[in-house]
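Encoded as structure tokens, the structure appears first; notes follow it.
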Amino acid sequence: MQKNTNLLIWKSESLQHTRVLVGVALFMALDVLLGSLSINLTETLRISFTFLGVAASCYFFGLWPNVLAAFLVDLLGYLAHPVGPYMPLFALTAILNAVIYSVCFYGMQKISLKRVALAKGMSTILCNIVINPILLSMLYGTPFWVLMSERLVKNLILFPIETAMLYFVIRECIRLKKRIRWLN
């Protein structure tokens, strides 16, 4: 719990540790891979599981390495699997997800389903239901309310499933961190 009190203080030395850079890079590769397995429902709506890799990386390595990684993964993910035009502002949602998951998971010794649901809920509401439709509306000219309403339905259906998946992933991360010494 002590790590969360200093979470927002710039700790640039964490970006100089080889284990942090390698670990975050591995999770970046996982994010790009999971992004390629996304299910495109429409041109503006898809189901993706990249949040699992982002949350796990945030649990292990914290805020600042993952904020940088979120920006890079957004760019690399688009370069690896371009779908539609690229808009750099989408990196903001990736960064916001990294902030949310780092604040909620980094340094935790135990995790509750309530905490995971809170993190996933904040991510879903802020990024998926509010910010992404605004950006897509700017990009495609589709009315915001149309984009927001379809996302609301999709996210209401997926929220319990994604929350359960995230809970099991973070719980497994806690177990792995206790067993693998270099992660401590």
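Glycine is treated like the rest: Cβ placed from N, Cα and C.
Copied over from TrEMBL, here are the features:
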TRANSMEM  20-39  transmembrane segment
TRANSMEM  51-73  transmembrane segment
TRANSMEM  85-106  transmembrane segment
TRANSMEM  118-140  transmembrane segment
TRANSMEM  152-170  transmembrane segment
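Most Cβ pairs within less than 8 Å of the transmembrane segment (118-140), among stretches 20-39, 85-106, 152-170, belong to 85-106. Against the transmembrane segment (51-73), stretch 85-106 shows more Cβ pairs under 8 Å than any other of 20-39, 85-106, 152-170. Within the chain, the transmembrane segment (20-39) has long-range Cβ neighbours (under 8 A, six or more residues past its boundaries) at 14, 46-50, 52-54, 56-57, 60-61, 65-66, 68-69, 72-73, 76-77, 80-81, 183.
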